[in-house]
Amino acid sequence: METEGRADESSSSQRDPPQNTGSYEDSQPAEKSVPIEEPIVVDRKAIEKLTEGLLSHYLPDLYSSKQALLELNQNQVILLDTLDQEVTKFRECNSLLDLNSLFTEAKFYHGKLVNIRKDMIMLHEKTTKLKKRALKLQQQRQKEVMEKEQQREKELERERQLIAKPAQRT
């Protein structure tokens, strides 16, 4: 009982602010006014009851705090997963934009290839016509050269025939 009384006195002295009575001891600093007390002996039952009371007072709040922290942790995990999904969606959107630009670029270069193909076909046709014309011109020149050769041979033959032949003596 004596220990309980002291515990009550110490708890009440902690709650109530010190009152200034004007004595010399109260005006001294706190270090000098606190007398050195000898150790208090408390029986085990009192310690157990105090411990149980303290635990019963704080444990429900601690358990509810623990539950709130667990719930908060779960919500954070869910939030992180959601944010990760959103980031993935944004990356997909960016990749779709990249794909769109690639398709646009591919369409542009496809048009260029089509134009180059048309130009190549046109150049092939022109070269084919030029080859045919060159062949015709070559054939015509050969024909002219042949005709000139034949003409010259005819003239040479005619000159030979015009040249007087000595008569044969028989």
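Placement of Cβ uses the backbone N, Cα and C atoms for every residue, glycine included.
Record features (TrEMBL):
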- 1-37: region 'Disordered' (REGION)
- 10-26: compositional bias 'Polar residues' (COMPBIAS)
- 141-162: compositional bias 'Basic and acidic residues' (COMPBIAS)
- 141-170: region 'Disordered' (REGION)
Check: Any residues 6+ beyond the ends of the region 'Disordered' (141-170) with a Cβ under 8 Å from its own?
Finding: none
Notebook entry, point to check: How do the residues of the region 'Disordered' (141-170) split into helix, strand and coil according to DSSP?
Noted result: 22 helix, 0 strand, 8 coil
